[in-house]
């Protein structure tokens, strides 16, 4: 407990009192390069605390359940989208969509390509083929 007490009662107040914080607005323009470097650590700590508080308490920073959806337009009236495709009906091979962006559900039409370019993602189709 003694190191924490020393930090709070002695080290931290000494550090804060030694910071080159000017008394007036014009004083900020008279700070040297070394003074600006000394102000970086406390500024970074305050920015980190502010950002953490923003993420914790601001509703706009939290993800909503609606934006977490992967299916935005395919058969939304159904509770669960399920397609049964008989393997015997596949001629040589078939590409099935995994990204929910296709207009030709359940088959892939390459809509994931634009999504991959925009987001840097690597999603692709599931390709099912017959053994030869």
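Each Cβ is built from the backbone N, Cα and C atoms, and glycine gets one as well.
Residue ranges 36-58, 59-81 are listed, and Swiss-Prot annotates 36-58 among them as transmembrane segment.
Secondary structure from DSSP puts residue 112 ([2Fe-2S] cluster binding site) in a helix. The least crowded of the binding-site residues 97, 99, judged by other CB atoms within 10 A of its own CB, is 99. Taking Cβ-Cβ distances under 8 Å and a sequence separation of 6 or more, the neighbours of residue 112 ([2Fe-2S] cluster binding site) in its chain are 97, 98, 99, 101, 121, 123, 124, 125.
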